[in-house]
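Listed in Swiss-Prot:
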BINDING   Asp74, Asp76, Asp78  Mg(2+) binding site
BINDING   Cys75, Cys92, Cys99  Zn(2+) binding site
Amino acid sequence: MIKLDFEKMGGLIPAVIQDHESGEVLMVAFMDEKTLNLTLETGKTWFFSRTRNKYWMKGEESGNTQEVKEVLTDCDADTVVIKVKQNGPAACHTGNRSCFYVKWENGEWVEHSNPLFDPNEVYKK
């Protein structure tokens with residue numbers, strides 16, 4: 001039986017979140033054993049925030065949740081790919097569909113931002 005290697009990166013593994021239909025990479029976040037288990041049990045994506053030092057469910061504030069369709073691991077068992085149905089217009093906290101909207105072009109990083117919601121309205125604190 002395969003056991004995921006959470007020790008290699010100090011208890012965390014990268015989680016690549018991908019649209020289950022298009023294959024588009026929506027985001028990359030980190031999981032520990034607890035958040036992976038929560039994800040598998042609830043069918044919603046859960047992560048560990050390194051900056052806020054807390055657990056969080058994708059969409060808990062914005063409503064843009066992710067419904068898990070498939071979970072895969074790589075040959076080293078130290079990374080997961082989670083294929084999801086994105087509920088709501090955007091996976092990124094900036095309001096963009098994907099967190100990967102900055103592209104290397106002609107020797108510089110160019111932002112191709114197309115926010116689908118205003119993060120200042122959604123994440124009022």
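Including glycine, each Cβ sits where the backbone N, Cα and C put it.
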Most Cβ neighbours within 10 Å: which of the binding-site residues Cys75, Cys92 is it? Cys92
Within its own chain, what residues at least 6 apart in sequence put their Cβ under 8 Å from the Cβ of Cys99 (Zn(2+) binding site), listed in sequence order? Leu26, Met27, Val28, Ala91, Cys92
Which of Asp74, Asp78 has the fewest nearby Cβ atoms, counting only those within 10 Å, among these binding-site residues? Asp74
CB contacts under 8 angstroms to Asp76 (Mg(2+) binding site), restricted to the same chain and 6+ apart in sequence, sorted by sequence, are Asp5
Residues within 8 Å of the Asp74, Asp76, Asp78 Cβ centre (excluding the Mg(2+) site residues themselves): Asp5, Thr73, Cys75, Ala77, Thr79
